[in-house]
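Noted in TrEMBL for the protein shown:
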ACT_SITE  A:7  active site
ACT_SITE  A:68  active site
ACT_SITE  A:141  active site
BINDING   A:7, A:141  Mg(2+) 1 binding site
BINDING   A:68  Mg(2+) 2 binding site
């Protein structure tokens with residue numbers, strides 16, 4: 001599975017591509033940052049992010065885009081930019097029919113370090129080790145994007161089993177409901 | 001001036017086109033709502049909003065897109081969807097080189113009703129009167145989109161004078177700084 005991880009932000013949007021399956025060594029295919037100038041107009045910044053993400057999708061052809069699930073309890077100003085940048089990334093992927101997966105920051109940290117409250121340095125260290133890199137990717141947004149991709153590769157089998165179980169359960173309930181309706185009629 | 005007002009939202013994105021200049025009667029050219037199903041995947045909803053906004057831009061060719069400036073002190077869940085939907089609208093306009101103007105909800109209310117704390121009904125009533133409609137546009141998101149467009153038409157002259165004054169002031173400061181540097185050298 002090839003995953004493009006995106007750590008969304010208006011000023012720095014971290015991007016990282018990882019190949020792999022759960023239980024096997026992972027391979028980094030690319031890492032970088034899409035930057036937009038803080039003094040540019042918001043609309044122009046969103047266009048620049050769209051172009052940047054499009055280039056990464058075009059070059060690496062990922063099967064899934066994994067993006068951070070944004071919560072608004074964070075810093076008020078930052079969270080709006082994060083939501084807007086992530087919307088552009090999700091739009092680019094969905095337009096191409098690439099599934100979008102969302103993971104919370106604590107899910108990502110827990111996946112790569114074992115603790116949902118790990119700090120940036122710990123995440124960077126584990127990303128470096130798991131991808132067998134010489135040094136932690138800089139800036140931290142780039143390392144976070146790789147961590148998102150790794151998190152998705154490791155969580156995807158469990159997630160899809162869960163989704164199948166939920167779907168099966170809904171189907172069984174629907175069948176049971178239909179059967180009981182049949183009896184009362 | 002032709003303005004497309006957008007009241008952003010994932011479930012209902014209000015859109016309204018108004019022609020006019022400050023101090024003259026205004027004309028509504030179109031009003032509607034871009035809807036996306038609440039149970040669809042977020043990426044697909046963003047694609048549907050992009051398609052909807054593109055259709056409005058294509059049909060009405062506005063000179064400006066006026067969109068609500070989103071604040072995160074609002075309801076936590078709603079604000080993320082609002083930020084994401086507005087990002088898509090701004091992206092569509094900026095991609096076409098159409099300037100994007102942001103107005104806060106209280107600026108819009110104050111522009112059309114005289115009070116920044118007016119309620120939905122008051123805004124709807126004034127939009128109806130100002131555009132000489134037979135009834136308030138439904139749903140409220142559609143009326144809000146028209147109010148945004150009206151607000152922009154009325155505020156634009158003052159805003160552009162302010163921007164020019166700020167630019168002139170910056171230039172004068174830069175010239176003064178340069179001159180004083182010249183003296184100390």
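Even glycines carry a Cβ here, placed using N, Cα and C.
Taking the features listed in TrEMBL, we show where each one sits on the structure.
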residue	record	DSSP class
A:7	active site	strand
A:68	active site	strand
A:141	active site	helix
Integer Å distance between the CA atoms belonging to residue A:7 (active site) and residue A:141 (active site): 6
In the chain carrying residue A:7 (active site), residues 6 or more apart in sequence that have Cβ under 8 angstroms from it: A:13, A:14, A:15, A:68, A:141, A:142, A:144, A:145, A:148
Least buried by Cβ count (within 10 Å) of the active-site residues A:68, A:141: A:141
